[in-house]
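These come from Swiss-Prot:
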type    : residues           : note
MOTIF   : 12-22              : motif ''HIGH' region'
BINDING : 127, 130, 145, 148 : Zn(2+) binding site
MOTIF   : 301-305            : motif ''KMSKS' region'
BINDING : 304                : ATP binding site
């Protein structure tokens, strides 16, 4: 039986259409899901939408829509963007579904039966945007939210139900000590630990005077807090379509989740509240939470007030899915903050994909049509000496790329693959097969061309989780009918295609065509100072 790997993005809040940060998270999750599928794993990749809460209620009211109609429209927008970005998720979890309601009620009952929910008085400053109470020490000048800096917080004084988070302080510290990789990168782990060590306070899990949400099972006059509800969307997504919606059915195959991928703004919910809730319900904790940074544009924080937001729909429509996927995976070290510059975007894509990779394939194919009758040279890859410069680099890549993906070091995978592509260009220039062909050195020419074509194939395979359409096009020009989208052919599974010497001798090649057209900067960007 194939091993399992389950991963999630956050369930995105549907106050507005997806922004570039949501796209960034989901691209990374899709890349990892594709890698594990190629490794032969059964994968459950979960994304979806978080659809309850006061913010949704207010936004829908402002738009003249019912909350459900608003949620349906925005959820469809997320699904449309994921399709444009070639995101192959397995489950799209919506927290307004009746099946989710059943899971939430059962989970609540477990926590209630464990004595971890009680009625208390809640006073404090509340950010509607975050759907969260803020401590006084966190607030910016003018009682503004530290995350939504243009929003002032509201004073709340109400009687709510609380979860005994403080009860799990030591259990959380013990878990972090026993599982040092539970939250990564280390800077984020240290941030969570510091917060826990300062002392945890019980948090409210219900709201009054809020219609848009699930009622508290033990008190229908109150509504469950959006985060208590939303986090359980990861569990609901594990149900098979035919399953009765129970925790036992949801958890029987895919739990615990191997990896949650989140942004740093929701770290406390995932790194503190969520594991404590699971402990209370007697459920295993996720294996790992990986936290990425924020994106800026041209070195500035993005925001509507600054007029510098980056529309992911427009970006994909202009440049294509693979271009967007490649830039963010290669240029932003996952786990750190990153920047988008359209000038750099175009420069990187032209240099890496059009020149280093695309041009190498194109020129080598043209020579193969001219010198080896339009076929892969009649050379056995295994017979190429191990000290051959391209084989050495290729075998190093095949041995290290998997670790790069598993550690979410996508930028390193891209750099290693590019190193081989650039070496292929250098090797071709130095060996000058056109000169050696004229000198009658046909065997040497065949070996040169084989080594370059095999290097390009390996680069395409290694980068397939990031640029699946381009990798498929490269394989097609090398004479394969292999697909990297949809169902995966058995020939692609495992590491077989990651080895040196896979390209069959004498395989007919396709006519050379550019795989990636050079990009042009829009005039408005090109003319800006």
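Each Cβ is built from the backbone N, Cα and C atoms, and glycine gets one as well.
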* Residue counts (helix, strand, coil, in that order) that DSSP gives for the motif ''HIGH' region' (12-22) -> 3 helix, 2 strand, 6 coil
* Counting across all protein chains shown, how many other Cβ atoms sit within 10 Å of the Cβ of residue 148 (Zn(2+) binding site)? -> 16
* Across the motif ''KMSKS' region' (301-305), average pLDDT on the 0 to 100 scale -> 71
* In the chain carrying residue 145 (Zn(2+) binding site), residues 6 or more apart in sequence that have Cβ under 8 angstroms from it -> 127, 129, 130, 134, 139, 151, 152, 153
* Starting from the Cβ centroid of 127, 130, 145, 148, which together make up the recorded Zn(2+) site, report each further residue of the same chain whose Cβ lies within 8 Å of that point, ordered by sequence. => 128, 129, 132, 134, 146, 147, 151, 153
* Asked: According to DSSP, which kind of secondary structure is residue 127 (Zn(2+) binding site) found in, if we only use helix, strand and coil?
  -> strand
* Structure fact -> So residue 127 (Zn(2+) binding site), by the Cβ count within 10 Å over all chains shown, scores 22
